[in-house]
Structures are given as C-alpha cells and as structure tokens.
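A.B. asks: I grabbed these lines from Swiss-Prot:
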- 809: active site, nucleophile (ACT_SITE)
- 802-822: disulfide bond (DISULFID)
- 101: N-linked glycosylation site (CARBOHYD)
- 219: N-linked glycosylation site (CARBOHYD)
- 295: N-linked glycosylation site (CARBOHYD)
- 352: N-linked glycosylation site (CARBOHYD)
- 400: N-linked glycosylation site (CARBOHYD)
- 464: N-linked glycosylation site (CARBOHYD)
- 541: N-linked glycosylation site (CARBOHYD)
- 559: N-linked glycosylation site (CARBOHYD)
- 603: N-linked glycosylation site (CARBOHYD)
- 737: N-linked glycosylation site (CARBOHYD)
- 863: N-linked glycosylation site (CARBOHYD)
- 900: N-linked glycosylation site (CARBOHYD)
- 71-230: region 'Pectinesterase inhibitor 26 A' (REGION)
- 453-614: region 'Pectinesterase inhibitor 26 C' (REGION)
- 660-954: region 'Pectinesterase 26' (REGION)
- 33-53: transmembrane segment (TRANSMEM)
C-alpha cells in the first residue's frame, strides 16, 4: 500500500507541476496586491498627507543646524543601509560609486538603483549562455524562464529610475511616487525568486548549471532587496536626517522654477534618445528608422511610429496560430493556439484604440491629450499581457507533459512573437517614461497628478489589487458604466456582473460534454462540475442581491457585516470553481474533454477571483483597532455565533419539540427514510423546518439541496440516530459526491445525529458529511470515517460538542469553520500511512476561510501507533489555528507536516498557529520551523479566531449581549 504522501486526494493535491505553477503565479502577485492596496489608501488620504507635508514645510522650510545630524557621507550611507536585509553588500556596493560622497538619503537611493541596474545587466545574458552548455530540455526551459524574468526585472528597475521627477536637472523623490517605486521594486524582487523557483523544479538534474546561475544571481538579489528596503523606509529616513521632503524645491513648488533646457537633436539622435527609455533600444531604433517619416525630432511623432511598427508586426502574425493549428491533431495544443489567436486579435484592437485616441488637429497630424495618457498606458499594458497570456498557454502544456516543451509548433509561434512583444513593450515604455508633451507646452501627466481621478485610472487602480489585473480591466471596461464612474463600489458591482455572465455562459457545459463520452468516471467528474458551477452562480447572485440592496438604499458605504457576507459568498464561489478543476484532476482521463472544460473555466476563475479581491482589498475598511479589548473574554466564551438567533438557540437546547416531519424506520413516524423527509422540505423557506429522526440506523445517502433553506434536523443521540453510507472514491465516485450526508442550503442545523461512512481505509476518499451551508450549526453530532471524513467545503460553519474520527485529512475543505468543545479522534490507518487531522484548502489570500479548533480535545480513537500530525497545508494559503485545546501525547512533536516532502517547508503564504494548548502533545519546542507557522503571542490575537470574530471576519460584528450556552 502506498504511503499517505502518494494517495491521490484530488482537489489540487495530485499534479505537482500545477502546484508549483500556482506557487510561482501567486508569489508573483503577492507584492503587487499589497502595494496596490497601499496605492488605494494613498488616494483616499492624499489630501491629508498633502496638508501634513506642507504644514511641515511651512514650519521649517530649511533645516536648522540643530535639526540635521552632523553625519559624514560614510555614516550617512551606513545609516541608510542599516534598514536593508543586506547592509554589508549595500554599503560596499554603493560606496564604490563616485557620487557616494553624499549625506543625502535620496541620492543614496538613486545610487542603489544604479548598482542594481549594473548588476542585472551583467547577468541578464547568463541564462542564455548557460543554456548552450546543456542538452537537458527541462533545464533549458528553466533557464529560458530566468532569462525572461531577469529581462522583466530590468524593466521594473528602469521604471523606478524613470519615475523619479526631474527638477532643475536633478532627480528627487516625492511622497506620491513612493508607492509606484515600491510596486516595481517588489516585482523585481519577485522575479528573482521566481527564477530560483524554476531552477529548484529541476533539482533532479546532476548539472552544475543551476548552481552557477544561482551564484551569479546572489548580488542582484541582494542589491534589489536593498533598494526596496531603502525606498520603503525613505520617508522615515529623511525625517531622521532632518530633511523636510518639500524643503528642497519640487517641480511646481515655485512659480520661478527654471525650465529644463532641451538640447536640439538630430532626427537620429532624437530617435536614440526616445528609444533609450525602452528595454529593447536596439529593436526600437532599427524598427522605427525603417519607416519613411522617421526623419523627425518630435517625440510624439516617434511614439506614433512605434505604434505603427507594433500594428504591422501584429498583423503579420495574427493568422499564424490558426495556420499552425491545422498542422496538429492534438486538441490541447489546438486549444492553446486558439487562445493565442484570440489574444493577438485583442492586442491589435488595443493598439488601434490607442491610435484612435490621438486627437486630430488642423494640419492632419495627431497629438496626444494628457487626459488619455492613463488610458493608453492601460491599453498597451494589456497588449503586453496578451502576449504573455499566449506564452502562458503554451508553457502550461510543457508543465504538464514534457513532449510539449520542444514542440516545433510551439517554438514556431514563440519565435514569431519575439518582435511583436518587444515592439509593444517599446511603445509602452515610451508613453510611460518619455516626456513627450514638453514640445506643446503641456506638462507631462507623469509629472502632474490630476486632483480628480479619471474613470480609467480608478479602474486600473481597483484592478491592480487583483491576481488578474489585465482580465479585470478588459472585462469591466467593456461595460458602458465603466466609462463614467470613479466609484469603487460601482466598479465592484460591474465586476460581479462580468462574473455572473461568465458563469452563466458555462454552467451548462459539463452536461453537454458528458454527452461526448462513455467514460463513467469522467461523467461523474463532470456531474460534480455541474453541481459546483450551480453553487457558484448562487453565491455570486447572493452577492449581487445584497450589494444592490445597499446601492438602491442610497447608502454610500457598505457596513462591515455586509462586507463579511460578500467575502464569504465570493470565497465560496472561488472554492466551487476550484473544486471542479480538482475533481477533473482526480484521474488521468484519456480524453480532451477535461482540458476543454478547464479552458472554458479560465475566465470565470479569473473574474470570480477579481471580484473577491476588490471587495476584500478595496471596499473592506481597515479596522480602527486590532481587536476589541475583550480578547480574553472572547477566548473564554462558549456562546453560539450571533446569527444563531435566540429562537433558534432555544430549538438547539429544547428537549421536547414539535417537528414538521418525523422519520422512523419502524413506521411509527410520518415517513420511513430521511430522504422522504427531505422531499417535504419547502424550497427557500424563510422559517425553520424541523425534522425529527428517531433512533435507528438509516442506510441511505442524503442530499439537502441548495434550495432547502433553514432546516433543523435532530435525532435521539449521536450514538442512537445514525445515517450510514459507504460511497467511496475507489468504486469510481468523485470525492465530492462520496458523502453519506451533504447539505447545501443556507441556515442548516443538526443536533444529536451520527453520520458514518463505512467504506473503510482501503477505499481511500470516503466522506461521511459535506457542508456547503452558510451559517450552519452542528450540535452534539458525530462524524465517523477514515480518509476525508468531514468535508467542510465552503461557507460559515460552527461545530459544537461534536465528535470527529478519521485517518488521512479527515477534516478538510475551504469553509470558514470553528470547532468548539469537540472531540477530535484520529484512528489507526492502513500500514505505512500516517494520520493528518486537518487539510485546509484556502486557495487565495483574499478568502476569509480557514479552520479554527478551540477548546477541543485531540485524543486517539483506540490504539493508534501510526504517526499523527495536526494537519498539512492542502492549498497555497492554507489556514489552521488550534487554541486552548488538549492535545494527546500520540501527536508527533513536529505538530505539522508538509503536503509533500519534496516541497518542505511549505510556502510562507500558509497560516498555521497554536495558542495556549495543553496536554503532552502541546509542547512547541520541537514544532516545525516554517515561515508560515508560529505560536500566537496574545489573547487579542487569538480572539480573531473565536466564534464571535472568525465566523464573520470583522471586528465590528460582536453583539453587546452575549448569548450564553451551558458550560462545556
């Protein structure tokens, strides 16, 4: 029997290459999301910051001798470098430059950028050279990734240099540009890390080449990190030096500012000057110089010519994907080529839109309007992204199957795309960096911040917080209202419309595809996809309805309670879509159908993620305090969530109830089976429908569908009223559908019931209970099985005084879940297996999901000799907290284990915490040393994961009057 590490859980746990791809993609966005939020906050509070800065200027326009430390240049450099992770390399690299004889922190920062640029330029060709030394195609592919990423890193650092404003020939930082600099340098740091990730993927090779490149990258990694650290601390550093930001005159700070003199240049020199701001200056000069009208010194005319170059090149390759598709019968490759054809056409439309926005003037020439610069940058950025999307589609094939890595068709298309991507990048760099407005006496918008944000700039800022900004911008911008609004709430509503429309367009696809196959396993997987798409549509629809109530009511802001709901429902939709992909990955089907469905899901996946990011990062207001002061009281509280209304709470506590339906196997009730009772439940009921199930064992599989709302089912005791099933993965049923009992409708409650899956450990995945019910409660129930016993799939769930038994990942899912006063009991698994209690499945940083185990007991169910862990991270943002619980000695001292030892330790994006646990297994001295694991340090921090806080995810929802329950 395989060890637990090799058991297929599906659900994102099978394909290691996909897992690595997800990690690379997510890491690439982590800094951008965080910094984009900072940009939004800066927009909101910009007026306050401006007042504060100028007040400081008014109070002290020039630093007094007493306010400026008497530092030598060396001491100044040492002070600035002290904020970095690599102060020694920071000091030694900058001190070698001639201009380092300065005490000005801003000049030191500029010198640090020069160090980075020089170092990156010295290694940018290294991956290509090293690739010539090997025949290992996997290694060549990794080196190609590094070459591309180092290219991008140079772009980002160049943008950082260009963004620093010009004053009397000098460059100077201001507060408004610092967020941009942080974003670009963060991206450059990420690109280094992604290159290293790519090299680590091919660690099986015996070649010394990866080590050569890693060694070659040490300096650039450190220098880029140094620049990022310096700019992140620049304001406080300048303050420490006693230099007011506006003490030195900035552009437009004085009506007497000396204009920058622009030397008269020849056409050739002008072209070189314009192209110098691009990443590919040689291709920029050579391509534009071939055009007849390139004999000009006008930067704006040269920009127009760069666009013409892009259009010509794109038109020359637009039909190539279709032609290449005729040369292959491989459906997956055809699908990727279709993606490339679509994005090429989109890029052509974008560049044509760019040209169209240039205003006609009297002599037939075109001139850029400053008001359109933001739009042009957005469009050209999207055109660059279109190229990358094609490359991603081709690279995804090679990640899954090595035969695609050197496919002649893929290589043909990649080679043909080289120029169009370079030319598009050149046009973007020119409009973003070169002051092309000075000829017309119009100040460059790069140097002038409009006090009134435009619809396009707000859309771009909002979309920058998402994982897929290009698809966010392109999808929302197609809606008419996006052209006129600067309200983030309205843009969020438009994003929901985009998501809803896209989900509706694919919701029937699994059923259609099922008609194209006779493979019963694949049909079963497609059936799961149909079900979860349905659930996702409902979740998005709930989100829209709730938001529309706020908008129609004329409220300007969403309250924290509503935002908590919206994040929960969209988190659920993200999970639902991911579950379809996971289910398709549970088996290796000899069919193009899974890839067809995955390709069709791309937009819905991205759009749902975008909507979640917007509400979580833009609309959710930061808390005024870390946590209400009553942190300790919350930890000691054993009350139910506040959405368990007093009347419902009385139902849970009552001893004598009058049910709507009574189930009795002996015929003494209204019906004999639980399913018969479920059929009697009204659809979308507003009041609680009560089902009583008398003592007995009911062998049946029960599904409480999504339209069965507010159902309360109770029995005579967890050991007396039992629902039993044996559906399992080995017998051909997908994990999602193996549950003995599943509930999807909101407001579900269960009391004094036992749910069992008797399939046994040999049958692997065999779920006893699955919950997708939002605001559901389980009181004095038991869930008994082996692998995957309790599937807390999605939405808010509360388990109180319940028993859960199992072996492998026996509490798993991506709901927002609290276990309180429960008995969690691992049992003996198969030989060579180990136990893992939890496998939490949060996919994205913005999901408010996770598992909190509070005031529980973790003890063995019988004689357990197998190694037992508290859990392992299933997904990239896995979140699990165990606090104030009793942990038995049978738990391994390490506490936690990585999903696959190949990736040990897990990424720092996971969130694993413990707090004030007791028992022999609670000793933290030998716990894992992961970046994503650490003990909680205070009651206030721990209170975030209590019932009152975690199940709503916001500081402000805790009621004044706590609803008490009997002591645990």
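Each residue, glycine too, has its Cβ placed from N, Cα and C.
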A.B. asks: Determine whether the region 'Pectinesterase inhibitor 26 C' (453-614) and the region 'Pectinesterase inhibitor 26 A' (71-230) share at least three Cβ pairs under 8 Å, counting only pairs 6 or more apart in sequence.
C.D. replies: no
A.B. asks: Give the mean pLDDT for the region 'Pectinesterase 26' (660-954) on the 0 to 100 scale.
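C.D. replies: It averages 94.
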A.B. asks: How many whole Å apart are the CA atoms of residue 559 (N-linked glycosylation site) and residue 541 (N-linked glycosylation site)?
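C.D. replies: Rounded to a whole number, the Cα-Cα distance is 19 Å.
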A.B. asks: Taking the Cβ of residue 219 (N-linked glycosylation site) as reference, which residues of that chain separated by at least 6 in sequence fall under 8 Å from it?
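C.D. replies: Long-range Cβ contacts: 89, 93, 119.
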A.B. asks: Give me the non-local Cβ neighbours of residue 863 (N-linked glycosylation site): same chain, 6+ apart in sequence, Cβ-Cβ under 8 Å, ordered along the sequence.
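C.D. replies: Correct list: 828.
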A.B. asks: Which one, from the disulfide-bonded residues 802, 822, has the smallest tally of other C-beta atoms lying within 10 Å of its C-beta?
C.D. replies: 802
A.B. asks: What are the non-local neighbours of residue 541 (N-linked glycosylation site), defined as same-chain residues 6+ apart in sequence with CB under 8 A from its CB?
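C.D. replies: Spatial neighbours, sequence-distant, of residue 541 (N-linked glycosylation site): 500.
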A.B. asks: Radius 10 Å, atoms counted are CB only; among the glycosylation sites 101, 559, 603, which position scores highest?
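C.D. replies: Counting Cβ neighbours within 10 Å, the top one is 603.
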A.B. asks: Among 295, 464, all listed as glycosylation sites, which has the most CB atoms within 10 Å of its CB?
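C.D. replies: That would be 464, with the highest Cβ count within 10 Å.
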A.B. asks: Identify which of the glycosylation sites 352, 737, 900 has its Cβ surrounded by the largest number of other Cβ atoms within 10 Å, counting every protein chain shown.
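C.D. replies: The residue with the most neighbouring Cβ atoms within 10 Å is 737.
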A.B. asks: Which one is it: of the recorded positions 295, 464, 737, 809, whose Cα lies the shortest distance from the Cα of residue 603 (N-linked glycosylation site)?
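C.D. replies: Given the candidates 295, 464, 737, 809, the nearest one is 464.
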A.B. asks: Out of the glycosylation sites 101, 352, 464, 900, give me the one sitting nearest to residue 809 (active site, nucleophile) by CA distance.
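C.D. replies: Closest by Cα distance to residue 809 (active site, nucleophile) among the glycosylation sites 101, 352, 464, 900: 900.
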A.B. asks: CA-CA, which of the glycosylation sites 101, 295, 464 lies nearest residue 737 (N-linked glycosylation site)?
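C.D. replies: That would be 464, nearest by Cα distance.
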A.B. asks: How many neighbouring Cβ atoms, not counting its own, are there within 10 Å of the Cβ of residue 809 (active site, nucleophile)?
C.D. replies: 29
